[in-house]
Amino acid sequence: MTLRNALRIPASEVTDEAVYLQRRKFVAALAVAPALGLPGCADAVPPPPEGATVTEAEARAGFKTDEPLTRYEDVTSYNNFYEFGTNKDDPSKAARTLRTSPWSVAVGGECDKPGTLSLDDLLKGLTPEERIYRLRCVEGWSMVIPWLGVPLADVLKRFAPNSRARYVAFTTLADREQMPGLRYRSIDWPYREGLRIDEAMNPLTLLATGLYGKALPQQNGAPLRLVVPWKYGFKSIKSIVAITFTRNPPHCSWNQLQPSEYGFFSNVNPDVDHPRWSQKTERRIAGSGSKLFAERIPTRLFNGYADQVGEMYAGMNLKRWF
Ligand SMILES: Nc1nc2c(c(=O)[nH]1)N[C@H]1C(S)=C(S)[C@@H](COP(=O)(O)O)O[C@H]1N2
Ligand SMILES: [Mo]
């Protein structure tokens, strides 16, 4: 039995992104005008306010939560990883073909020390820490996951970003031989995401290498994935092969597909509904047995991380810049 069946929720509630992709085939024929210039489009993103800081104590308070964890089996069998299919149980089956070693990451763009490094060299001298974060998918479900990883900032600093580096772009592997989902042109492969550089440098932003004290399973984005806990899950890009410092807002796969539904920031916000559903509440996949998905809980601004990240958006209209 799939988790979805176990949870007794209809496919329509948990595959909204997939449903969107199907619907898009029809809409694409009508959409002759490019989306450039629409509100939420990434070509004019507000810069960070000056002097925004998060104290060490504030940051630390966000590193752990004592909410019930999502079970390992659920974290690793209820996944979104479209390179391996759009059903929640596709990645756990199909991603076994993903070869995660050897693995290298190309880091470049606006920095003084670009380079292509093996995973070991990229992470050399950094000790993975445990971070227990909430993960809120834009589809309306959430999990609590104990990640292992290193602060993204510690890795980025090694490449000496220059003063023109205002954003950081991330790219997932796109290999048709290993990734059956690439046959479908749902996304303009490779999957890409991006952050403003202050967001990338925030102490909460993690480059994850594991979960539950073990190496990251392929379906969760092995061997290296981003975790940005105050943003909708699709910003947390998996199986990263390139990191690029840019002057301009980078290409973000979901924003590019439909800018009116998926903003560049995509900060979790209960007061900004998705055009096709409310974001006020979420179904928490945590606990055990029949309690799974039982309760809807209120969604919190910045997924409950306002103390850690709120200052980065001071003065910004969160309804316009969703
Ligand atoms: N490359 C890539 N990264 C991705 C996705 C994807 O389809 N491809 N899905 C995103 C979405 S929508 C979510 S909710 C999270 C899910 O992460 P998890 O499966 O580890 O819970 O991964 C994100 N990262
Ligand atoms: Mo998601």
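From the backbone N, Cα and C atoms, a Cβ is placed for every residue, glycine too.
What TrEMBL says about this one:
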BINDING   Asn79, Tyr82, Glu83, Cys137, Thr172, Asn220, Arg225, Ser236, Ile237, Lys238  Mo-molybdopterin binding site
DOMAIN    99-253  domain 'Oxidoreductase molybdopterin-binding'
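Features per TrEMBL, on structure.
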{"residue": "Asn79", "record": "Mo-molybdopterin binding site", "Cβ within 10 Å": "24"}
{"residue": "Glu83", "record": "Mo-molybdopterin binding site", "Cβ within 10 Å": "27"}
{"residue": "Thr172", "record": "Mo-molybdopterin binding site", "Cβ within 10 Å": "25"}
{"residue": "Arg225", "record": "Mo-molybdopterin binding site", "Cβ within 10 Å": "23"}
{"residue": "Ile237", "record": "Mo-molybdopterin binding site", "Cβ within 10 Å": "24"}
Translate the DSSP assignment of Ile237 (Mo-molybdopterin binding site) into the three-state scheme. coil
Whole-number Å value of the largest CA-CA distance among Asn79, Tyr82, Glu83, Cys137, Thr172, Asn220, Arg225, Ser236, Ile237, Lys238, listed as Mo-molybdopterin-binding: 19
